[in-house]
Each structure stands twice: as structure tokens, then as C-alpha cells.
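Record features, source TrEMBL:
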TRANSMEM  25-47  transmembrane segment
DOMAIN    51-168  domain 'Phosphatidic acid phosphatase type 2/haloperoxidase'
TRANSMEM  100-117  transmembrane segment
TRANSMEM  129-147  transmembrane segment
TRANSMEM  153-171  transmembrane segment
Amino acid sequence: MTHPPLKAVTLTHVRYQKGDRLGHFLAWVSLVPVFISLGGFVCHFIFRRELQGMFFAIGLLISQFISELIKKSVQQARPETCIFLETCDSHGWPSSHSQYMFFFAVYFTLLTFKGIGLTEVKNKWARCFLPWLLAVLTMHSRVYLGYHTVQQVFSGAILGILLGAVWFWIVNYKLFYFFPVIEESRLGKMLYVKDTSHIQNVLEFEYENARRARKEMAAKSS
């Protein structure tokens, strides 16, 4: 009985040469976009439900769609190593991993320098160092592991930077004015969606309000 050919989910299907410690490390780095999407934004929606975070995630989804659309239109092959990685049936230009991470790094950096975040940050460059480091490492991992050429990862990085900057401008200078409308909508109230971008230190604000509410409850019960 013959079976139809199998196809792997390329976002999570990462191979490296056995015994290569650097390759093993970079294989995990290559999965950072998955960790950000599932561990970061899904948890953010469950526990915080901030509009800024939601539109950040929407932007990443849109950028991934654009990247895949370009891939299917250009149809540039992956490097010859795709034979061993079993990824020759997918296209390589631009690198979606590289595009995703540089979109994330640009958007995160712009949010930080606009003063939007959970805490007040004095050294903003230090806060932005990790996203950019992960973006560069992810880009390097895709070449080192043989999934992309140098041209493909740099093209993905440029696309991610452009899309990240454009989406940030759209959200924070156009869609931002509709945030109160979303908050006050029936769906917004039902899901407890909120915008705290006008609060300088969100964690301090929530901490103080939680303490105040506890003291008021204790005063009423006494």
C-alpha cells in the first residue's frame, strides 16, 4: 500500500547536525517566533488583554501573511541543503522567521521609545537589546542550519523592519483614536479589553490599586 508524501510544519520543523552544539542552540533559537506567539501573545490575551498587545499580535499575523504571499509569488528555491532538511517543497525568499523577528524587534523598540510598556524604563536601549539580539541570532540560525541563503534572511529582515515600522505608525497614529470605542463596545466590555498606554507605569498603577482595594475590603468587613 502506497502512502501519500508527508509534509512537515516548517515553522516548528527544525533539524541540526548531530553532535553540533552550536547547531543545537541555534535550532532552539530558530523556534523563538513560536515561543513569542504561543507563550507570549496567547498568555498576554488571557491574562492582560491590552489593546496594544493585541494589535502588536495582529501586525505580526498580517506580516506573516504578506511574507507567505511573496514567497508563493516569487517561488525562489531554498539552498541545496533543503534536500537533507526535506524542505525543498517550500520556498525560501524571503525568510519568514527573519521577517517575524525583525518586525517584533522594530515594533518593540518603537513602543519602548514612545514610553508604552508595563514599567517606566530609564535605559531604553538596554531594554531593546534582547529583541534585536534574538532577531540577529534567528537570522543567523536559518543560514547556519541550511534553511535559507544569506540573501533570503536579509530580505526577510528588511521586510520585517519596513512592515513593523508601518504597522506601528498605523496603530499608534491612526487606529489609536479608536481604542476608547473598542473599550466601550459590548465585545470590549465582555472580554475586559483595555488600553493602558496612557499610564506611565502600569505595574505600579495596578499594584497600588490592588492594595487599595484590599484595604477597602478589609475596612468594610471589620
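From the backbone N, Cα and C atoms, a Cβ is placed for every residue, glycine too.
With a threshold of 8 Å between CB atoms, the same-chain residues lying at least 6 positions outside the transmembrane segment (25-47) that come near it are 11-12, 14-16, 53-54, 56-57, 60, 97, 100-101, 104, 134, 137-138, 140-142, 144-145, 147. With helix defined as DSSP H, G or I and strand as E or B, the domain 'Phosphatidic acid phosphatase type 2/haloperoxidase' (51-168) counts 86 helix, 0 strand, 32 coil. Looking just at the domain 'Phosphatidic acid phosphatase type 2/haloperoxidase' (51-168), the mean pLDDT is 91.
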